[in-house]
Amino acid sequence: MSERRLLLVHAHPDDETLTTGGTIARYAADGADVHVLTCTLGEEGEVIGDEWAHLVAGAADQLGGFRIGELTSALSSLGAGRPRFLLGAGRFRDSGMAGTASAANPRAFVNADPDAVTAAIVAVIRDVRPHVVVTYDPDGGYGHPDHIQAHRIVTAAVEAAGTERFPDAGVPWDVAKLYWTVTEASALEAGLCRIGDLPDGWRLPEPGELPSVPDGDVTTVIDVRGVLDAKRNALSAHATQVTVAPSGTEYALSNDIAQPILVEEHFVLVRGALGDRDADGREWDLFAGVGH
């Protein structure tokens, strides 16, 4: 086993790249053992353009299967190996946004039995034995029910993994550090200010339209300048969901709202102790202070 092991738990294909793609690529390039666990296939995603319109839930309902290929390509670009899905690909369905018909589907991730999915993630933790786990904050970044569910379940699983609970899920393993992936408000604003000409049809976000957290909440910053090409390639691999601008400095989802490709990714430590910090009191390494 590698001396540094990292597990990131995300709700849908593309989430891993949008918020943590640079971090995945950096640690993979540095020789860490990086695992990405995805909870659904993203069947309810809105596609870009007409090329994939026949795949969506209201048509052939084959988008989820197609997105397995996108995720496989994206993770390859990031150097993170093949995808891993919670209890297997397609076991849980994308819930869509709150109040939609898709959220009532019995297979929707939000309707999963909490103990069963907690046990499943405990089993992954005990198998991978990560020093560091990354998932979403309590709001799921932007409020998607599957992100919020992932936050709840991963938090419970990290707490349980080092105990005698779920004895059938493997040998207990204590996770040293748990982080939430977030976007720092000032970094987002600076990135937006650097955006120049936009592709036709794109627009800049209104103030507060993109999710971010106050700068003071951020405990850890990962410099991803050296792996931005890998992140851009991974974003482009999610072609049903993401368009990278010709400039290579911003991207948009199906809503055509421009978002900067930031040179740093931001995290909040919520379990474990902060390691070495800079003059601003922030870590620059997820594994800082971890005894391997």
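From the backbone N, Cα and C atoms, a Cβ is placed for every residue, glycine too.
Residues His12, Asp15 are given by Swiss-Prot as Zn(2+) binders; from His131, His147, His151, that same site also lists His147. Close to Asp15 (Zn(2+) binding site) in the fold, though at least 6 residues off in sequence, lie Thr38, His147, each with a CB less than 8 Å from its CB.
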